[in-house]
Amino acid sequence: NFNAGHGHTMDLLWVLYSMLTVCMAINMEATGSHSMFTCEPITLRMCQGLAYNTTFMPNLLNHYDQQTAALAMEPFHPMVNLECSTEIRPFLCALYAPVCTEYGRVTLPCRRLCQRAKSDCYKLMDMFGVTWPDEMECSRFPDCDESYPRTIDLLPSSDGTEESPSSVQRDYGFWCPRELKIEPDLGYSFMGVRDCSPPCPNMYFREDELIFARYFIGVVSIVCLSATLFTFLTFLIDVGRFRYPERPIIFYAVCYMMVSLVFFLGFLLEDRVSCNAASPGRFRASTVTQGSHNKACTLLFMTLYFFTMAGSVWWVILTITWFLAAVPKWGSEAIEKKALLFHAVAWGIPGALTITLMAMNKIEGDSMSGVCFVGLYDLMALRWFLLVPLALDVVVGVVLLLAGIAALNRVRMEIPLEKENQDKLVKFMIRIGVFSVLYLVPLLTVIGCYLYEQSHRSVWETTWVQERCREYHIPCPFKVEQTSRPDIVLFLIKYLMMLVVGIPSVFWVGSKKTCFEWASFFNGHRRKE
């Protein structure tokens, strides 16, 4: 009977607590949640009329406000009303509505007070099916024997009142709102708090901005998918045409074709994969998908991250093949002998990075584009798995490219070539230069966006908490020095540049020869004049 009675009591409490939380979230004006954490008058009926009349929230048992604390105290009402102990009321109030003291000092009740309250009321609690909570275990409290509040707590010098709020304001850090809490075994985290996830849709932007962004990314992904697919099909029509040193352009195009395809799928899926569905019955809002428990999200992440990294590695390999052709004067056959090594590096490094991120559970849903990626909320992952590899690719590629172009220019100046060959060489150098600029400008823009994002992320998050803390019933930030919201244009530029980086491959294959090849292909492979 004891267990059954306790179970029913707890179930009833949970339902009441849930209803109250929802009411508080819906009507934030009525609840008067905290914007500044100062001393506040005690509104808990059980704790009124004691030696003190102000308290602070959140209390020692992590209740955000007095309504929540009142609900949690309900099982103890019979013990207080029947006066099983003179100590039970001051002891409970010491935890649920502690005296408001000077900044930075928390006053705990004495262990002897706890022991007397517990031993006097234990039989009555047993009768009502109430258990003594673990967080109220007497061994947790200081070994002393004084009433609560102690004399020192009530001295005027340490009595924080509403006239001197500065003495009790303090930084509580970020508290995960109940609506954003996630089951512990999934390994989620948000703003340094475990078992918490960012809200869906994107916490920084309005609904109309997100709709525009989704369609913008969808259109750009279709254009880029068409361009890279054209490059790949041109290669398939005449496989022997693109030999080393220019063969890596084809693999580069394939990589960005897959990137465009994932973004297009994200556009079609909307936020069905990137977000966890809301469950109103359990008072959970829609949150961002994290980790590898969602198979569709994991698949989108693996494809997108792997091919994004592989695309940048293939560009570096392209600069290596050009360098080998220009400086040590390697022929096409000699470079082709190293093809296996090129493939091992180009697919191996991105593969290792992808597996590492999956093992570290760093996958995050992107509710703006509908895909899953990395570094959207986790700054460490952004720095080490996006910024560092991409910056390294740029540095190595540019050094090799400049060395190759310098060598080709020296050949042009020193060795007397026929005018036709001289023109061919100049033309080839211009093509390399144009292709590289068309690749580097978008990539450097993406890196710039990531750098800006990682330097402003903490301010954006603080601003978001400040704007939503009342609604979520969590502590508001302490001493906010600057507030700022991200501009949607920054994110649109980032997505645009992530996708258009694949388009330069079209300029490389775009020539009269390509037109003739397609014409002969559509005319049943008949030779054209």
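Keep in mind that glycine also has a Cβ here, set from the backbone N, Cα and C atoms.
Automated prediction, rather than curation, is the source of TrEMBL annotations.
Looking up C47 in TrEMBL gives a disulphide bond to a cysteine among C93, C100, C110, identified as C93.
Recorded disulfide link (TrEMBL): C138 to C114, out of the candidates C110, C114, C176. Between C100 and the candidates C39, C121, C144, TrEMBL records the disulphide bond with C39. Of the Cβ pairs linking the transmembrane segment (215-237) with the transmembrane segment (339-360) and spaced 6 or more residues apart, fewer than 3 are under 8 Å, so the two regions do not touch. Taking residue pairs at least 6 apart in sequence, the transmembrane segment (339-360) and the transmembrane segment (488-509) share fewer than three C-beta contacts under 8 angstroms. In this view, C47 (disulfide bond) is surrounded by 24 other Cβ atoms within 10 Å of its Cβ, with every protein chain counted.
Just so you know, the Cβ of C114 (disulfide bond) picks up 23 other Cβ atoms within 10 Å once every protein chain is counted.
Across the candidate stretches 249-269, 304-327, 384-408, the maximum count of CB pairs under 8 A to the transmembrane segment (339-360) is reached by 304-327.
Long-range contacts of the transmembrane segment (249-269) within the same chain, counting only residues at least 6 positions beyond its ends with a Cβ under 8 Å from a Cβ of the stretch, are 214-215, 217-218, 220-222, 224-225, 228-229, 231-232, 235, 242, 296, 300, 303-304, 307-308, 310-311, 314-315, 318, 346, 366, 369-371, 435, 495, 498-499, 501-502, 505, 508-509.
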